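Reading through the structure tokens given below for one structure.
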Amino acid sequence: MDYIKLKEEFKTPFYLYDFDLIKSRFLELKSAFKARKSQIFYAMKANSNLSLLQMLARLDSGFDCVSIGEVKRALRVGAKPYKIIFSGVGKSEEELEQALKFDILYINLESEEEMLLLESVAKRLELKARISIRVNPNVDAKTHPYISTGLNENKFGVELDVARKMYLYAAKSEFLEPVGVHFHIGSQLLDISPIHEAALIVAKLLRELKALKIELKFFDVGGGLGVGYEGEEEPCLYDYAQGILENLSGLDVTIGLEPGRFLVAQSGMLVCSVLYEKITPKKRFMVVDAAMNDLIRPSLYNAYHEIVLPYTKGELSSCDVVGGICESGDFFAKDRRLAKSKSGDIVLIKEAGAYGFTMSSNYNTRPRICELALENGIIKMVRKREKFEDLIALEEEFLKDS
Ligand code: LLP
């Protein structure tokens, strides 16, 4: 890849994605589950660029959405409503209503109160709401506490006995139709045994419900597959699939998968340039033109992203790679061994395709950067760089005349 040419054409910083890699990861995951009916619902919170979504929709991907805005993104790229599911612990009444009107596949419920609200909305609209319930199996995912969700101390899902009660209620309701069960115990799992443990627990619930004549069609195992940010070994997809499938014998269900990171993390990098090298009595800092507002994972989770300066040669020494935002938390790497750089040198921050752009902000009135994609050997722009005018557009009309 000729990053110098890309920099000349598009300026830095920018995100660069490899759509071909995403495609192959998608097909690899799909094929691991080929022994049974399965449906991938891509968790678009990881990266919701429309061109990326369109490519996945054309591969017959479904979409896991966590806001009505995400549902609208899926519809905008041509996804069929029956390939869209809607999850999240805090859906508003308005969002539930819109989701029902869009006639999406199902809504993942996260509390009894939400179920009753959905029922009343469905009644008002004279519709029957297809539902799934997010069960919290109380399994420790052993991942970063901010992205661990499967323990009873977390805000997500409902305990097994509450789920049981909810299914019994929903099955009797004129306005609710239970079609699925769902769990998601955490993200970035390199050891997938907790997912299998959860699958065993939730499959047991499915059998109990079946005995009560409540037959669910979807067994949704969430996302969570980890990737090797620091070269760690990734879970084997065959083992991942087998560990789930072996719990489902005798059950006629479609397996729902909600991968986010697994599909897109490795496909993306944040390409930026060195502005300055700064030496203090204690440290060497490499100040780059991207910042925590573009990629917040290192600041928020102390996450590791590999950093490469493809054209900078020389002896390696320890330095912090930082952005220009007015906080000490604005860093991409601490004490990383890198060669001494000069202004303008290109810096690649790797494995940034998931939870990179989608978690970006305009902090410090920094316009969000553009996104480029490589597809069939060709680089194309898939989102323009924001301009200052875009940032102030919703505020200007409130200015007082001077
Ligand atoms: N399904 C549900 C219900 C989820 O909450 C999530 C992620 C996924 C699927 C997709 O999980 P994945 O396959 O990507 O692990 N911002 C954090 C990650 C937050 C994940 C939130 N939920 C990060 O940058 O690591």
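All positions are counted from 1 along the displayed chain.
Each Cβ is built from the backbone N, Cα and C atoms, and glycine gets one as well.
Unlike curated records, TrEMBL annotations are generated automatically.
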Among G186, G224, G314, G323 - the residue TrEMBL places in the same pyridoxal 5'-phosphate site as E258, P259, G260, R261, Y355: G224
Candidate with sparsest Cβ neighbourhood (10 Å radius) among G224, G260, the listed binding-site residues: G260
Neighbourhood of ligand 1 - recorded positions from P259, C326, E327 with Cβ under 6 Å: P259
Nearest-integer angstrom distance between the alpha carbons (Cα) of Y355 (pyridoxal 5'-phosphate binding site) and K45 (N6-(pyridoxal phosphate)lysine): 7
Candidate nearest R261 (pyridoxal 5'-phosphate binding site) in space, where candidates are the recorded positions K45, R297, C326, E327 and distance is Cα-Cα: K45
